[in-house]
Amino acid sequence: MAAVEAQTNGCSDEEHTLAPVKANHTPAAEKKGGAGGGTERNKGAAATTASTADATPVTTTRATRASTWTPPSGGRTPGQRGSGRKRGAAAAAESPSPSSSSSPQPNADSGRSSKRLRLQYQPFQSPPTMHPPVMRSGRSAPPQDDKLVLFQKGEFLAVRNENGSFYVCRTAQNVYKSSRRFKIQWMNNDSEQDIYAPDFYDNTDFECVLTNLRMRRVDRGRYLLPDEEHKRTLNILQRALSVENGMAIPDPRQLTMDGVDVSFVGQEEEEAAEAAAGHSSPDSSMEEVSKPRGRPKGSRKAASSASSGRASVPKPNPKITLLEKETFFESDTEVPSISSVVQSKLLIRAVLLADHAQLKSLLKDNTCTVWAARSPSLRLTALDYAVLREDHGAMRLLLRDWTQGGQPPANALLREELEHSCGLVGGLTGVTDGSTVHDAAKMVAQSGVGNGPLLADAELYLGIVPEDMAEQQRTLELALRHGVSHDTLDLLLQRRKQSRPQTRNGIDLAVVALRCGHRHLAGAMLARDDAKKCGYTDLHKDVLLNTTEPLGQFDSASVLHKAHNGVTPVHCASVNPRPTYLGHLLAAVSGNIALEVRDNDGCSPTHYAAACDGSAPLELLLSRGSKPAACDDRGFTALHFAADAGRHENLELLLKRMPKGSVDIADRQGHTALHLAACRGALDVVRSLLREGADVECTAKGKVTALMLAAEHGHSEVVRALADAGAALDARDETHCTALLRAVANSQTHVCSLLLRLGADPDAADSAGNTAVHYAAAYGWIFCLRLLVEAGAALHRPNKRQLTPVWAALLKGHLGIAEFLLDQPSNVKVDVDAPDLEGRTLVMRTVRAGVDASVLSRLQFLLEKHDAHAARQDSHGNNALHHLVTVDAEFWERNKDEPSRCADASFEKLWQERCKHLEQATSLLVSSGCSTETRNRDLETPLDLALRRGALGMVGPLLTQGIVPSDDTSWGAILHALVHLSRHQDVGPLFDVLCGKRKQESAGGEPTEKAAAPLPKEAVEALDSSGRTPLLAAVASVASTRSAKVAQWTLTYARRLVEEHKADTSITVNKESALHLAAQAPCEQAVELVLKWNLQIDAVDAAGCTALGRALVSANYATAQALLAAGASPSLPVVDKGLALKPLVYVTMKGLSGDFVRLLLKHKVSPTCSHPTTGDTPLHYVAGRQLQHPDSLEIARALLDAGADSNATNTAGRTPLHSAAEAHSSTPSGCATASVEELLVQRGSKADVRDVQGRVPLHYAFVGRG
């Protein structure tokens, strides 16, 4: 709950650190101790006590300062009980005028010591002459007078309320002269008129205090307010009301003293300031008493206090057009072009209007997303509405295209908020870890700070499709809660079964329908074949569906048999409007066990009966003694169930049977029955609750009122009923959102029109400074925006992050909204070049959103239509091109694994679109005046930044704009960048631009080419971080790609470096030449190109491996074939784990294909070579791996034909026949053949050769070496 109430009397100030208590809300469940019940208790500001028995304090009054009343911002507001309820309002009207007051004088001679320090002057007398304060420079210590205690802890006070009366409270701390807000404990007088008892703790403002009181203790925790004290307080209050009504204040010297006027406390600082400013005249202090200057502090607090919820009296605005239904979703009014996100939500409109033609058209146009939720609080999709309206045609269309959708637009606002709040960089465009970003986005949206409240639709911009099974579960539960038909349920279950055949056919969700009172729907599910798998019996089904049929035989145990989720037949019978079956079940079980049996969520039969569509079961249970106020695990009573299900008759019955005051019982989240009924839109239920005295200002978790819930869910009739009952239109939740803000955020235009017409503040702002215009602009609600314009709302007011509605619309891509706002006449000049806190203009922030078609549209909107300046620089010296480079660099940082994706068709398409958008954005910025030569604080141009950060996509567009590298280092960096870029596109055109090569028209009209100017030698031989030149980097890039097209692009680039720019082909890195790198390429074209450069073919690298060895290690047959054909030696060793192996030993040991063996044998490699450590020959390896290679027999025959020795032994004395026999030791009988063994025996292999362990080959046919 919003209120945190202390339960212990007499605890210290430190022990009473209380959370703010929401105005007008104290559920009965929270009241303990001396507080009484009653509905009026929840309507007004109560009062608190501490004992001051037998003390006669010097009383303190508030006449002048209390004339402008401010409700206690932390406590309860008007209408709540206290002295004002029983005696205040009426008595105030009948109280004597100030001139005839007979309030007693304080007895100075009584001998009783005061519990607080006496002030230096008496009430309504001129204060003594005040000496001008000494003005000190800088921060000074508080004056000693500020330590003066006005009210001791435990003293009783009278606090004014807004109904023209007062409440009684007791101070819970010492109140000093400088105190502006202090802790109290309210007192209530529910039990007897003049007897007060302690209630809950709260805070109040000093400005609200009228006077202190003398109370008599009559019993423990019970205090009497004497009549004379009551009259004295009313006398003080009457004078305050006179001041408020503009009447002259009586001369204080002609009045009977009621106490010391504490209004002087707040005036002393003002008088001191005036004296310091040279305005201290002899009569200045008296003039200040008679006529306060400036705005009273109380009125200022009332206007800005969010916790009080009553900033000002609403002023109806009859000029507002009153709408009967929601305009965007529920009418055929033409919707102007706003954005692709808003366009996606027209799917919901098509479903609500049953317009299948429009639905098909929208799906065909590839809208942003099919699963877009309606609004931040109404998380219903087009499919959800099709289910609720049981539109099977629309359901089939949407289910068919569920995952369909276009590329989501860029959201610069979301990106900025994630970077600011979570430190995520560039997580919104391209390929991202969506789940991480989505979680962060939800956290930002729910935080209620910054621009988070404007980003509750983040999933639409992240392009994250909901998990199918989770979404099916949610839709199915929604259908069951609303009681759809069997056909609609079957259609949903059919889809569920197709997605996951092994899942239960929805039977596990039957309890959802049961708890909502939809017995026929639940019964249909229990009648399915798989119901018994969830523990449901025939008794469950019969008591649920039967109307006149008698029950079969059953025993008492079956009555309490629990099925899935703990549902018993008693629960099922409680939902059947015919109570006969429930009566039979109750009679079958002794005692009240069946009455209070609970399911797994703590729900009793009474809870189920409250949701039944008839009241008979509930009447039966209540007559048998069931407890209507019992709560389930969520804190729901039967009253909550009835309100949530909209069962008006059941609710009326429960209200008659439940204790008085139970109407405001709250669940664990603080929701009362009124909250649930308002959220559902159950008007009859709401009216019944209001008639019973339900507190319209009662707040749930987050300080949410019923009016707020009704407003955001679009129930205009409920909103009107609550407003008529006195609900505060501008009450605020914990984020300071009003009902209007919630209605606007959820596009409830008809509710907005009603609230504005009733007088809701169109300029109210939440805790982040966002107004209704911010919400309408950020979510694209054009019709709400038009209503706000009609109401005269401020259209260009910035929030606390200095974000205006126009900026919010543009950063989220709602161009239609931005254009509408900019077209409105306003006395506020909208500066599209205004910088944010980091000096970034709207152009820069738009660029930082990413690069797509929507961003280009926004840039064109700003640069071409509204003449935004593209050349501006932020606080770091970056212009828009620097920011565009940064966006591209972040794209590559997120795609560090791009070599493995370069052949991906979807990635290639994304890359092509990205290149086109980058080029268009660069061209647009440059043509609008953004300089390519601008340097930031690090003295980097956009090209320098792109080369340093690896923004490959921006290198081409910047070069196309005619940028010339500033030095040889930059030239070399560009050549290396082109190597990386060649993995995604043909860099030939960019290379032509770099070299100054342009196509020309010959005299005969034929295109010719101007020769390219050679690049500087330093650039061609520039080294990257790996120590490679651009040529070596290009060859290495070919070695790491599997795409023939990409290899061709890169090889062409390498060839041009050599042929046109004389790149040195002999350069090596750690003895690694271009030939070594080319040998690792999967295509032979790389080796063929490098071989033309006449490099030493048998050169070894630092590890002692040749190019042929690298080809064999990489298993590149074509490359090895090309090297051998070019004269590479087949006898030079291959280095493997530090061992120099003969190539034939290596390929057989690694199990390479027989093509390698035959290729080496073709080049006269000796088959008798062996492993330097184990002594195994190639024939040993082939015989031992025969089961892994289907061509082992052919390889063995080729080796034997080339002269391999079939009786050669290794260091363990084993022959190839031993190895062949051992290969079968782990093979099941009947699964192996002995073809290799037969070949070896035929070629002279001896079967009686013993190894060092004395074993013949036959031994290894049965056991392994171990």
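Glycine residues also receive a Cβ, built from the backbone N, Cα and C atoms like all the rest.
A TrEMBL annotation is a machine prediction, not a hand-curated record.
Quantities reported herein were computed from a predicted structural model and do not represent experimental measurements.
Summarising the annotation, TrEMBL assigns compositional bias 'Polar residues' to 1-11.
Annotation comment: TrEMBL describes 1-144 (among others) as region 'Disordered'.
Annotation source TrEMBL lists compositional bias 'Low complexity' at 44-71 (among others).
Feature annotation from TrEMBL assigns compositional bias 'Low complexity' to 89-110 (among others).
Feature annotation from TrEMBL assigns region 'Disordered' to 269-317 (among others).
Look at TrEMBL and you will find 301-312 (among others) tagged as compositional bias 'Low complexity'.
Under the heading repeat 'ANK', TrEMBL lists 634-657 (among others). Counting only same-chain residues 6+ beyond the ends of the repeat 'ANK' (634-657), those with a CB under 8 A from a CB of the stretch are 515-517, 601-603, 606-615, 618-619, 622, 628, 663, 665-669, 671-674, 676-677, 680, 682, 684-685, 688-689, 692.
Mapped onto DSSP helix, strand and coil, the repeat 'ANK' (669-701) counts 17 helix, 0 strand, 16 coil. Annotated repeat 'ANK' per TrEMBL: 669-701 (among others), in sequence order.
Annotation source TrEMBL lists repeat 'ANK' at 702-734 (among others).
Averaged across the repeat 'ANK' (735-767), pLDDT in this predicted model comes to 96. Taken from TrEMBL, the feature repeat 'ANK' applies to 735-767 (among others).
Annotation source TrEMBL lists repeat 'ANK' at 768-800 (among others).
Within the repeat 'ANK' (1174-1211), the DSSP-based counts of helix, strand and coil residues read 17 helix, 0 strand, 21 coil. The feature repeat 'ANK' is assigned by TrEMBL to 1174-1211 (among others).
The feature repeat 'ANK' is assigned by TrEMBL to 1212-1252 (among others).
Mapped onto DSSP classes, the repeat 'ANK' (702-734) shows 16 helix, 0 strand, 17 coil.
Counting residues 6+ beyond its ends, the repeat 'ANK' (735-767) has Cβ neighbours under 8 Å at 306, 311-312, 314-318, 320-329, 374-378, 448-449, 453, 456, 702, 705, 707-708, 710-716, 719-720, 723, 729, 775-776, 779, 781, 783-784, 787-788, 790-794, 797, 799 in the same chain. Counted with DSSP, the repeat 'ANK' (735-767) comes out as 17 helix, 1 strand, 15 coil.
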